[in-house]
Amino acid sequence: MTALPERTERRLGLVIDLDTCVGCHACVVACKGWNDQGYGAPLSDQDPQGAAPQGTFLNRVHSYEVLPESGPAQHVHFPKSCLHCDDAPCVTVCPTGASYKRVEDGIVLVEEEACIGCGLCAWACPYGARELDLAAGVMKKCTLCVDRIYNEALPEKDRVPACVRTCPAEARHFGDLADPESDVSQLVAARGGIDLMPEQGTKPVNKYLPPRPRDGWGEDTDVLAPFLEPVAEEPQGFLGWLDRTLGKL
Amino acid sequence: MHPAPSIILFTTLSGLGFGLLIWLGVDPTPPTGWVAFAFYAIAYALALSGLAASSFHLGRRDRALKAFRQWRTSWLSREAWLAALALGVSGLHALGLLFGIALLPLGWLSAALSLATVAATAMIYAQLRTVPRWYHWSTPILFIALSLSGGALLSGRVEIASGLLLLTGALQFWVWYDGDRRFARSGTTLASATGLGEQGVPRALFPPHTGSNYLLDEMVYVVARRHALKLRSIALVMMVLLPVLLLQLPMPHLFGLLALACHLAGVLTARWLFFAEAEHVVGLYYGKR
C-alpha cells in the first residue's frame with residue numbers, strides 16, 4: 001500500500017556533517033560494494049570499461065563552492081543519498097505499491113518484485129535519490145542498509161549503514177531522529193542541522209550539519225608577513241637606469 | 001525531462017482517442033451501424049495504441065498489470081483504471097449503436113470516464129512538485145482542452161473544433177509564457193537544495209561523477225532547448241492556425257483530413273516541448289537545468 005503511514009515508531013536516518021566531510025568518496029564505494037551483493041538486484045554498470053561508462057549508485061558526493069559576502073570562498077563536499085522523508089512523494093505516486101515507507105522504523109524501501117520500472121518515483125523525488133537500474137529495469141534506492149542494521153550475524157559495531165561504517169572523517173552519523181535523546185538528535189540540536197529543500201514539503205528525516213565558519217585571514221594570524229616584505233621598493237643598478245630612462249621617453 | 005517517444009505518443013494518441021470518445025458519448029444523435037463502427041474503431045485504435053506506447057516506457061513491461069493496484073494514492077494507477085473503465089463503457093455504448101440502439105445515459109457515462117482519463121493522465125505530471133513547469137492547475141486544463149479540440153476535429157464538428165482550437169491555442173500560448181517563470185517562482189534554488197545559503201552564494205564546483213547517469217539522462221535534458229522559440233511557433237501554427245484555416249475550406253473530408261494531420265503534428269511538437277522544456281529541481285544539484 002503506497003499510502004504513507006500516519007506516523008512511524010522510529011525515524012531512522014543519517015546526519016551528515018558538511019563541516020568534516022573531506023570528499024574522499026569512500027562512502028560511495030562502500031555503498032556500492034555492500035549493495036551490489038545482498039539486498040535486491042545488484043547495482044549494475046553500463047559500459048564500465050568503455051568510452052561512456054555509467055552505473056547505478058545509491059549515494060553520490062557533490063562538491064560546491066560557497067562565496068561569502070567577504071572573505072575567501074569555501075569548498076563544501078556534499079554527500080547525498082535518500083533522505084527517507086516523512087512525506088515521501090516517491091511513495092504515493094507509485095502505481096503498484098512497490099514503494100513503501102516502513103511503520104516500524106520509517107525506512108523507505110522498494111519491493112523490487114512489484115516494481116514495473118515506470119520511473120515516476122524518481123521523477124517525484126527532488127533529491128535525485130532514486131536511480132533506475134538499467135540492467136534489472138527496477139528502481140534502486142538507499143535502503144539505509146536494512147540488511148546490516150538488524151543483522152545479528154554481524155559484530156555490533158558493523159550494524160550501521162556501510163557508508164557510516166566506512167567514513168574515515170566520521171562525517172556520517174546513523175540513529176533514530178524521533179528520539180530527542182539519541183546521539184544524532186543531540187548533534188542536530190547542537191549544530192543547527194537543516195533540511196534540504198524544505199519548500200518541497202517532503203519533511204526529510206536525514207539532516208545536514210552546515211559547515212562551521214572558517215578562521216579569518218586577519219593581521220594577527222599572519223605571522224610570516226613581516227618576513228615576506230619586499231626587500232627593494234625601487235629597482236636599482238641596470239634595472240633602475242632602464243626604469244628611469246624608459247620613464248623619460 | 002527526457003522527451004521519451006513512448007510517453008509523447010502515449011499522451012498525444014490517447015488524448016485524441018479519448019477526446020473522440022467524449023464527443024461520441026455526448027452526441028444526442030449518435031451515428032449508428034457501420035458509421036458508428038468506423039468512428040469507434042478510430043477512437044479505440046488511437047487510445048489503445050497510445051496505451052501500448054506507454055508500456056514501452058516501463059523497465060519491466062511484464063509486470064505492467066500491477067499498475068492497477070494503488071488507485072487510492074497514485075494518479076498513474078487511477079489513469080489505468082479510468083482508461084479501462086472508459087474503454088469498457090464506451091464499448092457497450094458502441095455495441096448498442098452498431099445495432100441502432102442509442103442508450104444516451106451510457107454515452108454520457110462513457111464521455112465522463114473518458115474526460116476523467118485525460119485529466120488523470122495530466123495529473124501524473126501536474127502532481128510533480130519537483131517539476132515547477134508542470135506543477136500547476138493549467139496542466140490538466142491544457143491536456144483536456146487539447147483532447148476536446150482533437151476529438152471535435154476527428155468527429156467532424158467544424159464550428160466547435162474551430163472555436164476550441166483557437167481557445168486551446170491561446171491557453172497554450174499563456175502556458176508557455178507563464179511556464180517560463182514557474183521555476184523561479186517555486187523558490188527552489190541551489191541555496192535551498194544544499195542549505196548553504198546562510199554561508200554565502202553556492203555554486204556547483206564539480207560533479208560527483210565524470211560520466212552521465214540515469215538522473216542526468218532522464219531529468220536534466222538540455223539538448224535543443226535553444227530551438228524552443230522556433231518549435232513553439234511551429235507547434236502553434238500546426239496545432240491551431242492551419243487546422244482552423246483548413247476547416248473553413250469546402251470539401252470537408254479532404255481538408256478535414258489535412259487539418260487533422262496538421263493538428264496531430266502540432267500536438268506532437270507541443271508535447272515534445274512539454275517534456276523537453278520541463279526542468280526538474282534535481283538539476284540544481286548538478287549545476288544544470
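In case you wondered, yes, glycine gets a Cβ from its N, Cα and C as well.
Positions annotated as domain '4Fe-4S ferredoxin-type' by TrEMBL: A:12-31 (among others). Long-range contacts of the domain '4Fe-4S ferredoxin-type' (A:12-31) within its own chain (CB-CB distance under 8 A, at least 6 residues past either end) are made by residues 57-61, 63, 76-79, 81, 83-84, 105-107, 142, 144, 149, 161-177, 184, 187-188, 191, 193, 204-212.
Counting only same-chain residues 6+ beyond the ends of the domain '4Fe-4S ferredoxin-type' (A:72-105), those with a CB under 8 A from a CB of the stretch are 1-5, 8-14, 16, 18, 21-23, 27-28, 31, 58-66, 111-116, 118, 120-130, 138-139, 141-142, 144, 163, 171-172, 176, 196, 200-206, 211, 214, 217. According to TrEMBL, the feature domain '4Fe-4S ferredoxin-type' maps to A:72-105 (among others).
What TrEMBL lists as domain '4Fe-4S ferredoxin-type' is A:106-135 (among others). Helix, strand and coil counts under DSSP for the domain '4Fe-4S ferredoxin-type' (A:106-135) come to 8 helix, 5 strand, 17 coil.
Within the same chain, residues 8-13, 40-41, 43-44, 46, 56-58, 80-86, 88-100, 141-144, 146, 178, 196-197, 200, 202, 204-205 sit at least 6 positions outside the domain '4Fe-4S ferredoxin-type' (A:106-135) and bring their C-beta atoms closer than 8 Å to a C-beta of that stretch.
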